[in-house]
Protein chains: 2
Amino acid sequence: MAFPKVSRANLERHLPILQWSKSYDRDALTSDVVAAVIVTIMLIPQSLAYALLAGLPAEMGLYASILPLVAYAIFGTSRALAVGPVAVISLMTAAAVGNLALQGTAEYAAAAITLAFMSGVILTVMGLFRLGFLANFLSHPVIAGFITASGVLIATSQLKHILGVDAHGHNLYELVRSLDAHIQETNMITLLIGVTSVAFLFWVRKGLKPLLLATGLPPRLADILAKAGPVVAVAATTIAVWLFDLEAKGVRIVGEVPMGLPPLSLPSFSGEIWSSLFVSALLISVIGFVESVSVAQTLAAKKRQRIVPDQELVGLGTSNIAAALSGGYPVTGGFARSVVNFDAGAETPAAGAYTAIGIAFAALLLTPLLFFLPKATLAATIIVAVLSLVDFSILTKTWSYSKVDFSAVAATIFLTLGFGVEVGVSAGVLLSLGLFLYKTSRPHVAEVGQVPGTQHFRNILRHNVETHPSLVTLRIDESLYFANARFLEDYLLERVVCDEPIENVVLMCSAVNEIDMSALESLEEINKRLQDMGIALHLSEVKGPVMDRLERSHFLEELSGRVFLSQYDAMIALTPKEQEAAAV
Amino acid sequence: MAFPKVSRANLERHLPILQWSKSYDRDALTSDVVAAVIVTIMLIPQSLAYALLAGLPAEMGLYASILPLVAYAIFGTSRALAVGPVAVISLMTAAAVGNLALQGTAEYAAAAITLAFMSGVILTVMGLFRLGFLANFLSHPVIAGFITASGVLIATSQLKHILGVDAHGHNLYELVRSLDAHIQETNMITLLIGVTSVAFLFWVRKGLKPLLLATGLPPRLADILAKAGPVVAVAATTIAVWLFDLEAKGVRIVGEVPMGLPPLSLPSFSGEIWSSLFVSALLISVIGFVESVSVAQTLAAKKRQRIVPDQELVGLGTSNIAAALSGGYPVTGGFARSVVNFDAGAETPAAGAYTAIGIAFAALLLTPLLFFLPKATLAATIIVAVLSLVDFSILTKTWSYSKVDFSAVAATIFLTLGFGVEVGVSAGVLLSLGLFLYKTSRPHVAEVGQVPGTQHFRNILRHNVETHPSLVTLRIDESLYFANARFLEDYLLERVVCDEPIENVVLMCSAVNEIDMSALESLEEINKRLQDMGIALHLSEVKGPVMDRLERSHFLEELSGRVFLSQYDAMIALTPKEQEAAAV
């Protein structure tokens with residue numbers, strides 16, 4: 001019998017739980033349980049609220065916070081990441097599923113489950129094929145702009161619950177117009193509950209902790225108590241609705257939440273649904289992964305731990321598949337709750353599994369208590385949470401640093417607000433790639449001369465350097481490839497048509513990291529044309545990998561000039577003696 | 001009265017005819033007329049044949065060779081380019097229009113006219129907005145692969161006319177299967193005409209000219225006579241069909257071609273048709289432009305003339321609009337006929353206008369003579385013409401030079417043959433851009449040391465260089481931008497975790513042409529982490545434009561080390577004295 005040999009190290013790589021569980025002891029257990037209790041208290045209202053944001057029944061938020069956490073504990077590599085429903089992904093789910101079905105229908109919930117499954121499969125496959133690097137093509141500014149705009153959209157979308165009216169829309173214009181149309185129907189008691197909750201939660205966030213510290217509480221406890229704010233708001237407003245029978249006065253409540261553990265659910269396998277959700281699933285996967293991995297990396301760095309991005313993909317992928325199989329919807333690692341988990345002392349991913357047990361208890365026992373919970377309170381927790389994500393300073397930062405980055409960010413924000421999340425983030429990615437390609441297609445070319453007394457060569461326009469009229473040295477500040485091959489041809493031939501007695505042209509290739517086939521053909525063309533004009537073409541400072549490749553072509557045989565190791569060698573060889581004497 | 005001031009130079013830029021017509025004289029007239037006569041003789045059978053290839057009535061080929069040539073003569077900048085129907089664009093037209101309507105219907109012809117109009121508008125708009133550079137994103141190898149694969153497809157598609165059977169398909173598999181299904185129906189007389197024509201045309205191409213030269217004819221005349229081969233084939237086979245009444249024996253003929261000048265036609269303005277043709281029109285525009293401009297540039301270079309790519313777009317755009325308004329279909333500059341035009345001595349774009357007059361006469365007077373022209377003869381002219389485009393050597397060339405270029409070419413050829421022209425060329429473009437982005441996302445990083453006795457620094461793995469254990473110098477061979485920002489972070493932090501007593505890390509930035517916002521954030525992160533480890537981060541050889549930008553951020557204030565003008569300065573400053581003494 002010959003089983004394929006599976007090494008322990010290989011197994012541990014794919015199942016990180018085998019690694020950390022070896023040294024799991026009573027200390028780690030205590031830390032993890034404490035962190036789990038705190039995260040559970042924070043996660044219950046969040047799960048309900050984000051399900052509401054996604055347009056799903058409240059219990060789906062709880063279900064998405066049970067099995068997915070267990071899956072991540074087995075397959076994930078971050079020791080502090082807390083997985084579950086998050087604001088931006090919930091909004092993206094609503095946008096994606098809203099195209100297929102009406103909110104409140106069984107089809108809508110089924111589509112959300114399918115979306116979680118597809119996203120899970122995409123993430124897992126990306127992880128197994130080590131495609132984590134694809135996430136690098138989302139630039140930081142584009143993500144920052146996207147998150148900010150999403151925060152604005154989310155906060156605006158929740159105003160309807162604060163006002164107690166019906167309104168909907170996938171972009172800022174639709175939302176504002178819809179709110180405007182219904183604003184006369186505002187329910188004053190709902191508004192009171194909503195505004196009070198928002199004010200209370202902001203105060204908890206900013207003012208409570210200093211107060212608690214002033215009473216002599218230890219900082220960590222003060223911190224944790226401050227995080228329980230949403231639970232207090234939920235409890236207080238629920239009791240108020242129940243006591244004063246506010247439902248009869250038009251306050252909308254969560255209503256009956258089924259009691260019990262998550263049901264087994266299966267995604268749809270309809271080809272039509274899959275093809276219409278595919279792009280959305282891809283965007284949700286990539287955005288979720290990027291967000292999650294950057295949180296995980298920030299927290300890991302604080303303890304000098306490492307996370308493995310490709311394994312993170314598998315961790316998040318299996319979490320989403322678990323969500324799909326247990327009545328949930330797309331999940332990822334959340335920023336706020338991961339920080340809380342970390343601060344509360346979570347030592348291993350087991351903390352996530354314990355949190356899952358806490359939420360499971362809530363789903364089993366606490367749901368009847370949620371009947372009178374006003375939707376306005378949940379909306380308030382969302383608004384306060386997402387406004388901390390809104391940060392328009394990325395606009396001023398990029399404006400002063402780079403107009404290209406600025407335009408990518410500005411377009412992302414504008415398009416997300418104006419046309420919804422999917423258009424916004426897709427456009428942001430395509431635009432930033434397009435701008436990068438555009439830049440590389442018109443490279444910076446500097447004419448250089450020798451910095452006196454050194455062997456160093458710099459731009460003649462920026463530095464006081466020595467040159468010789470018969471020698472033109474151009475430093476090309478870009479790899480040469482198809483998109484800029486013709487540009488170089490035009491630039492160079494234009495440069496040599498002048499009155500100077502040019503005999504030699506040197507292309508200084510210190511910044512040329514690649515010469516592709518198209519560029520090689522352009523160089524051959526340049527060489528031929530210069531030769532016709534009686535000018536020799538030389539190269540200098542060609543890098544190893546580039547030189548290897550040139551040696552495999554016929555270019556070096558045809559080259560009218562030489563290839564010099566350094567620009568200094570080129571200058572020595574190509575300038576008349578008296579010039580050389582002056583320069584050295 | 002204040003008219004907007006239009007300078008003569010500006011007007012001439014937009015209407016090149018004003019420029020060359022100033023010096024137009026009798027000599028130029030004679031040369032142009034001679035060239036026009038020769039091109040007309042060549043163009044008549046070509047126009048008919050390419051219309052057949054596009055699935056259109058033969059007369060549309062003639063119509064596409066009249067007004068478009070006049071438009072190009074007014075707006076185009078190349079003095080030798082001959083515009084008209086060409087093989088690849090005809091095939092792409094068939095692929096695009098075939099999705100909308102059945103061959104032979106009025107809708108099919110109307111869609112081809114609309115396609116020409118859309119392509120004309122796209123080209124003209126690109127020209128007015130100076131977007132000619134976009135064509136640079138088609139890499140040479142991808143174009144070469146595409147043209148080769150298209151040639152194979154075209155030749156295969158014409159076999160049905162040689163066999164005299166019905167067969168169709170948009171890719172090689174469909175075509176071969178369809179031919180295979182009908183091969184028993186082969187008409188032997190048609191096959192005889194087809195094979196004889198192909199053999200004759202190949203012989204004309206290869207064997208006739210030497211023969212004519214041997215009889216003492218002047219080379220130029222021999223050349224021109226050899227180009228008349230297709231006309232001889234057309235005349236001979238037409239007469240044969242008429243004499244022996246071969247139509248009754250199953251030989252398919254062109255049939256009635258309406259006599260007269262092109263009718264006025266209008267494109268459809270249905271939104272539905274426009275949206276379904278848009279991608280095709282874009283591809284036809286870009287491919288047509290790239291092909292045309294490279295022919296024009298090659299010919300212009302021979303006479304040290306210049307063409308203006310953005311004005312070429314306008315020239316081709318107005319040609320296509322003219323085609324749409326006069327019952328034609330998409331046109332562009334053809335390679336073979338432009339070379340003939342050039343060799344026959346065309347001096348100005350007026351030669352094109354005279355050719356248009358020639359074709360107009362043909363449309364007015366000669367069409368009755370075409371009644372008995374066998375389709376097999378036209379197919380033979382197409383096959384012989386396109387087989388000269390087929391050149392698989394691009395595969396071996398790119399294989400030895402660059403595997404990345406090779407994979408782009410191989411994919412383009414494979415996908416064009418397997419899935420048709422539109423899929424093939426789109427995939428080629430996307431793949432070559434994707435591969436370029438992938439390469440830049442994992443840059444080459446070299447650890448460098450000093451070449452002894454110089455101020456030059458090279459890769460420690462490739463050169464015999466001097467280093468110092470406390471100083472690590474990394475040369476990053478790529479611009480730093482979002483797609484590789486994290487790569488650098490990982491690479492660098494991995495490098496410094498070792499047993500060496502590293503005190504200083506220098507990033508040698510001679511190949512860094514850009515540091516975007518994402519990369520700046522990564523550098524800030526790297527600086528902070530190295531600082532935590534007690535290692536100072538320095539930069540050297542930062543380029544002017546990059547330095548300007550860094551100075552506008554806070555990075556330089558936070559940087560734990562310094563910025564050195566040259567790597568040599570950095571080494572002198574950062575290595576202990578005895579090392580310095582040894583190195584100098």
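Cβ atoms are placed via backbone N, Cα and C, with glycine included.
As written in TrEMBL, here are the features:
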type	residues	note
TRANSMEM	B:33-54	transmembrane segment
TRANSMEM	B:60-75	transmembrane segment
TRANSMEM	B:82-102	transmembrane segment
TRANSMEM	B:108-129	transmembrane segment
TRANSMEM	B:141-163	transmembrane segment
TRANSMEM	B:183-204	transmembrane segment
TRANSMEM	B:224-244	transmembrane segment
TRANSMEM	B:273-301	transmembrane segment
TRANSMEM	B:313-331	transmembrane segment
TRANSMEM	B:351-371	transmembrane segment
TRANSMEM	B:378-396	transmembrane segment
TRANSMEM	B:408-438	transmembrane segment
DOMAIN	B:461-574	domain 'STAS'
Task: the transmembrane segment (B:33-54) vs the transmembrane segment (B:408-438): 3 or more CB pairs under 8 Å - done: no
Open item on the list: Is it the case that the transmembrane segment (B:273-301) and the transmembrane segment (B:108-129) touch, counting contact as three or more CB pairs under 8 Å in which the residues of each pair are 6 or more positions apart?
Closed with: yes
Task: Any contact, the transmembrane segment (B:141-163) to the transmembrane segment (B:183-204), with at least 3 Cβ pairs under 8 A - done: yes
Task: Contacting positions for the transmembrane segment (B:378-396) when only residues 6+ beyond its ends and CB under 8 Å are counted - done: 45-46, 48-50, 52-53, 87-88, 141, 144-145, 147-148, 150-152, 154-155, 158-162, 194, 197-198, 200-202, 205, 230, 233-234, 254, 335-336, 406, 409-410, 413
- [ ] Residue list, the transmembrane segment (B:224-244) vs rest of chain: Cβ under 8 Å, 6 or more residues beyond ends.
- [x] 38, 41-42, 44-46, 193, 197, 200-201, 204-205, 208-209, 212, 217, 251, 253, 340, 344, 369-370, 372-374, 376-378, 380-381
Open item on the list: Quick test of the contact rule: Cβ under 8 Å, at least six residues beyond the ends. What residues does that give for the transmembrane segment (B:60-75)?
Closed with: 14-17, 43-44, 46-52, 54, 81-85, 109, 112, 116, 257, 261-263, 311, 314-316, 318-323, 325-331, 349-350, 352-353, 355-356, 359-360, 362-363, 367
- [ ] State the non-local partners of the transmembrane segment (B:82-102) in its own chain: residues 6+ outside its ends, Cβ under 8 Å from one of its Cβ atoms.
- [x] 39, 43, 46-47, 50-51, 53-56, 61, 64-65, 68-69, 72, 76, 108, 110-112, 115, 146-147, 150-151, 153-154, 157, 170, 273, 276-277, 280-281, 283-284, 287-288, 291-292, 316, 319, 328-335, 337-338, 340-341, 351-352, 355, 382, 385-386, 389, 420-422
Open item on the list: Cβ under 8 Å, sequence separation of at least 6 from the ends of the transmembrane segment (B:183-204): give me the contacting residues as numbers and ranges.
Closed with: 161-166, 226, 229-230, 232-233, 237, 240-241, 246, 249-252, 374, 376-377, 379-381, 383-384
- [ ] Determine how many residues of the domain 'STAS' (B:461-574) DSSP places in helix, in strand and in coil.
- [x] 51 helix, 22 strand, 41 coil
Task: pLDDT averaged over every residue in the domain 'STAS' (B:461-574) - done: 88
